[in-house]
Amino acid sequence: MTEPLGLLVMAYGTPSSLEEVLPYYTDIRRGRAPSPEQLADLTGRYQAIGGVSPLTEITRAQAEGIAKILNQDGGRPVRLYQGMKHTHPFIYEAVEQMYQDGIQDAVAIVLAPHFSHMSVGGYQRVARETAAKLGGPNIRYVNEWHLEPAFLDALTERVQAALDQCSDPAGAMVVFSAHSLPERILETDDPYVKQLHESGEIVAERLHLTNYMFAWQSAGRTGEPWLGPDILDVLHDLKQRGFKEVVSCSQGFVADHLEVLYDIDIEAQQVAKTLNLHLVRTKQMNDDAQFLQALANTVRTCAQED
Ligand code: FEC
């Protein structure tokens, strides 16, 4: 019987209750506990979206969906492992489990389309270091998948669907956004900004958009400068330029979670309302079949590379 290929699906992770927000936030801050004010602020954002984020269920559905496609495509069967950046099961725990299960070869994919050494690279470093320490498994990494054709198809459909909700689609501004990162990534050859532009440009070209732009969202609450413009500032600017309708496409995220449900659906919508702007958000990928097929394709390709 063919030995299964390990499939390591990595994602951000979210606290499963409000009590878990403190250890989660501390982990995000690399072991430094947040101040009481910072903790209260984050807890308040989770409360505003209903207490917990749906990210865990969505990640599970995405991971199981990819594994199901791969186990039905006639190729080498896969055994699924999920590894989270900031919650259990952590990435190192997933790699340890693969090792204990005797998995020899694996492919790892992060549920984020664009590569930054600070984001996707961080997930990979943990997996790589754990496997090196244990002496296995041999893991191949999908680095980025923002140009995967079926992903771009799904993204294009979503932008079109959001434009269809505008009273004057041709006059609306489409804002492509991703999670901001500290500006210091610009001092290295980090591909993050370039990749965000690449996927957005393709969608814009396919839809013959004349009004589109790039922005950043969800910047961290730290002292250093983060990539801008921030989407909230962009809304003010668009209002001043005479725009009445805006489509927000958070193309750097693939699930309904805090950064979308709070940062766009609550915070950005409040700003838009004050400015009397009609703001429509594109639907997230979640467990969309076409999207999961795109990810399964990248995993198969990666597994077959020399
Ligand atoms: O629904 C949820 O509960 C989790 C939503 C969530 C996702 C996510 C994705 C990304 N992040 C990225 C970078 C950073 C950097 C910092 C940072 C901080 C936070 C905090 C929360 C949070 N992130 Fe996140 N991120 C999510 C949630 N993120 C909560 C802490 C409070 C706050 O700042 O709002 C700053 C760390 C520091 O303080 O040093 C940097 C990037 C992504 C997209 C790629 C990926 O999914 O990995 C990049 C989902």
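Each residue, glycine too, has its Cβ placed from N, Cα and C.
The candidate list Y81, Y92, Y99, Y123 contains one residue that TrEMBL assigns to the Fe-coproporphyrin III site with Y12, R29, R45, Y46, S53, namely Y123.
In this structure, of the binding-site residues R29, R45, H179, the smallest number of CB atoms within 10 A of the CB marks R29. In terms of C-alpha distance, the listed binding-site residues Y12, R45, Y46 place Y12 closest to H179 (Fe(2+) binding site).
Sequence-distant contacts of S53 (Fe-coproporphyrin III binding site), defined by Cβ-Cβ distance under 8 angstroms and a gap of at least six in the same chain, are T14, P15, Y46, H257, L258, L261. Overall, the recorded Fe-coproporphyrin III-binding residues Y12, R29, R45, Y46, S53, Y123 cover a maximum inter-Cα distance of 25 Å.
Secondary structure at E259 (Fe(2+) binding site), as computed by DSSP, is helix.
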